[in-house]
Amino acid sequence: MDCGIITSKTILLLLSLIFWAAGAALAYVGSYVIKSYNNFEDFMSDRHTLIPAAIIIGVAVVMFIIGFVGCCATLRESKVGLGLFLIIIMLIFAAEVTAFVFGIIYRGRIRGDLEKSMNDVFLKYDGLNSETHAVDYLQSQLECCGVKNQTDWTLTSWFAQHNNTVPQSCCKANMTQCTGQLSQPDLLNTQGCEAKLEQVLQDVLSYAMLVILGFAIIKFFGMLSVCVITCKSKKNEYQPLYA
């Protein structure tokens with residue numbers, strides 16, 4: 001039996017099984033990106049940032065299906081099945097490349113998007129509205145204060161109306177004596193939220209892009225394996241694939 005065919009069939013069978021696990025992994029990654037975005041959506045004006053995540057989840061659903069198709073086609077040595085398997089892999093490969101490109105594009109646009117929206121959200125802080133809850137969540141979760149730093153609060157109406165203090169969410173954890181006075185910097189988180197949120201979103205997108213790239217490489221070898229089996233079968237149709 002041709003070693004190329006044996007190797008290719010083995011790769012395809014493993015690839016088909018991996019597709020199920022990969023589908024679950026991609027679904028998790030896509031959901032993680034969307035969840036991370038939703039946690040801070042008040043500070044993001046461009047919802048197109050979610051395009052890579054949407055593509056990832058769509059690919060995950062399809063991968064569950066083609067994992068089954070791939071197993072059946074490889075075991076039964078069906079040329080039609082293998083051809084269909086190859087087409088689907090190529091489509092998924094193209095979708096993953098597209099998601100990767102979108103990830104690169106929107107990774108470079110995060111800072112500009114944050115700069116446009118964060119100042120507006122912080123200026124609307126009044127202690128009661130939805131922007132207030134978003135800012136408090138951001139500052140407490142990321143341990144930051146203000147857009148660039150804690151002094152940004154001096155430009156807000158909140159600061160003037162509350163005895164020149166910043167919100168309690170600017171206080172360091174477990175600092176019960178913190179009153180929000182800028183004269184007590186040791187009790188406050190002094191790093192700006194824009195830089196921290198940008199880093200969080202950059203890390204999330206980078207993680208997603210690495211996963212996409214890894215699975216795209218697997219798909220590439222899968223396409224090569226299908227081509228090897230198909231070509232060898234045409235040349236040796238009289239010879240069974242298994243002895």
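For all residues, glycine too, the Cβ spot is worked out from N, Cα and C.
What Swiss-Prot records for this protein:
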type	residues	note
CARBOHYD	Asn149	N-linked glycosylation site
CARBOHYD	Asn163	N-linked glycosylation site
CARBOHYD	Asn174	N-linked glycosylation site
TOPO_DOM	1-9	topological domain 'Cytoplasmic'
TOPO_DOM	31-49	topological domain 'Lumenal'
TOPO_DOM	71-84	topological domain 'Cytoplasmic'
TOPO_DOM	106-208	topological domain 'Lumenal'
TOPO_DOM	230-243	topological domain 'Cytoplasmic'
TRANSMEM	10-30	transmembrane segment
TRANSMEM	50-70	transmembrane segment
TRANSMEM	85-105	transmembrane segment
TRANSMEM	209-229	transmembrane segment
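Here the Cβ of Asn174 (N-linked glycosylation site) has 6 other Cβ atoms within 10 Å, regardless of which shown protein chain they belong to. The glycosylation sites considered are Asn149, Asn163; of these, Asn163 has the fewest other C-beta atoms within 10 angstroms of its C-beta. Residue counts for the topological domain 'Lumenal' (106-208) by DSSP state, with H, G and I taken as helix and E and B as strand, are 62 helix, 6 strand, 35 coil. Counting same-chain residues at least six beyond the ends of the transmembrane segment (50-70), those with a Cβ under 8 angstroms from any Cβ of the stretch are 12-13, 15-20, 22-27, 29-31, 33-34, 37, 81, 84-85, 88-89, 91-92, 95-96, 98-100, 102-103, 106, 205, 208-209, 211-212. If you measure from the Cα atom of Asn174 (N-linked glycosylation site) to that of Asn149 (N-linked glycosylation site), you get 20 Å.
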